[in-house]
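Visitor: Structure in structure tokens, see below.
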Amino acid sequence: MKLLVGILVAVCLHQYLLNADSNTKGWSEVLKGSECKPRPIVVPVSETHPELTSQRFNPPCVTLMRCGGCCNDESLECVPTEEVNVSMELLGASGSGSNGMQRLSFVEHKKCDCRPRFTTTPPTTTRPPRRRR
């Protein structure tokens, strides 16, 4: 029993010393933070609503959940598998001086997955057969 307690104390002390540097993130924390999942990103309103560029909005950017992160294979990419529309109220101002609250719709990513990358391949050209003389 004393041996078991001694081993347990040694393991705990070892873990404590490994984690003593608070600036170092452990492998599992790094892995979890890099996985393919929806994460908040700041997007300019003009990027999602280019048809409204004649207006200015306050705030000019919104925070949306978008897929991001890494896949464990270079041939895969992190893409949305489920999306949802969300409405947000923004203060809009046009060049004519009219101001008011506007409700705009944005797309958020609900679920993400690693899927094969679709690379564009150059078009193949076929030559007509050569005639023999």
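Here the Cβ of each residue, glycine as well, is placed from N, Cα and C on the backbone.
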Visitor: Which cysteine out of Cys112, Cys114 is the one Swiss-Prot pairs with Cys71 in a disulfide?
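Guide: Here Swiss-Prot pairs Cys71 in a disulfide with Cys114.
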Visitor: Pick from Cys12, Cys112: which cysteine does Swiss-Prot list as forming a disulfide with Cys67?
Guide: Cys112
Visitor: What is the disulfide partner of Cys78 among Cys36, Cys61, as given in Swiss-Prot?
Guide: Cys36
Visitor: If you measure C-alpha to C-alpha, which of Cys36, Cys78, Asn85 (recorded positions) come within 10 angstroms of Cys67 (disulfide bond)?
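Guide: Qualifying among Cys36, Cys78, Asn85: Cys36, Cys78.
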Visitor: According to DSSP, which of helix, strand or coil covers Cys36 (disulfide bond)?
Guide: coil
